[in-house]
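Peer 1: Would you mind keeping the following structure in view while I ask a few things?
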Amino acid sequence: MRPIPAGGKFRCEATLERELRARGFRAVAGVDEVGRGALFGAVFAGAVILSEERPIRGLNDSKQLDPERREVLAGRIRERAVAWSIAAVDASTIDSINIYQASRMAMRIAVSRLSPAPDFLLVDAVPLEFAVPQRALIKGDERCHAIAAASILAKVARDECMRVWDKVFPEYGLASHKGYSTPEHYRAIEQYGPTPLHRLSFEPVRAHSRFPLDHDRQLDLFDTAGAA
């Protein structure tokens with residue numbers, strides 16, 4: 001199904017989920033990705049089936065929430081949701097297949113990990129290749145509770161990952177800018193060159209790359225960060 005055209009400001013609510021449940025769907029999943037525009041690290045995706053009996057107040061696009069509020073809501077989502085999952089696709093894969101396809105891959109993986117399996121998908125912006133009815137919503141994380149919940153989980157998980165990587169690569173300020181395009185990040189790339197976990201197909205990273213991406217080195221670095 002094609003994305004629904006955007007129409008100005010939206011109010012984030014559970015109207016769509018209620019309408020779908022009224023039509024007989026019982027496992028409506030929201031799906032969203034985070035980190036698509038970053039220069040460093042994986043793109044993350046979340047998938048969430050919210051509980052009708054245990055609603056969560058205050059859900060909204062993760063970008064509109066401060067970090068403390070996101071953490072609180074992420075805890076409530078993990079506690080109250082019928083099912084939730086998070087997936088990540090690393091920088092080497094992003095460089096191999098492009099960020100659009102990598103984002104879709106992360107979302108597909110997140111959906112495939114849900115138990116129970118969803119019977120309807122509400123996806124932010126892009127439809128996915130699933131034999132399940134779905135609806136793609138422009139600015140879905142601003143207008144749909146389930147998509148907002150997926151966005152929050154993915155954002156919190158990715159931010160935590162950036163804090164871990166900041167200990168491995170302290171020169172780059174990852175805990176601050178989370179791998180996105182900032183003057184601080186640009187200066188670090190210019191001074192030190194990109195790490196193996198930067199997206200080498202992205203500008204300005206490509207212009208300062210001093211080595212080909214070494215996938216085995218990436219895996220070693222993931223092990224190092226996991227032990228940090």
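Note: Cβ is positioned from N, Cα and C throughout, glycine not excepted.
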Peer 1: Per Swiss-Prot, which one of Asp95, Asp119, Asp124 shares the divalent metal cation site with Asp32, Glu33?
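Peer 2: That divalent metal cation site, as Swiss-Prot gives it, pairs Asp32, Glu33 with Asp124.
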Peer 1: Once near-sequence residues are set aside, which residues in the chain of Asp32 (divalent metal cation binding site), 6 or more away, have Cβ atoms under 8 Å from its Cβ?
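Peer 2: For Asp32 (divalent metal cation binding site), the qualifying residues are Ala45, Gly46, Met107, Val123, Asp124, Gly140, Asp141, Ile147, Ala148, Ala150, Ser151, Ala154.
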Peer 1: Around Glu33 (divalent metal cation binding site), which residues of its chain at least 6 apart sit with Cβ under 8 Å of its Cβ?
Peer 2: Val43, Phe44, Ala45, Gly46, Ser103, Ala106, Met107, Asp124, Ala154
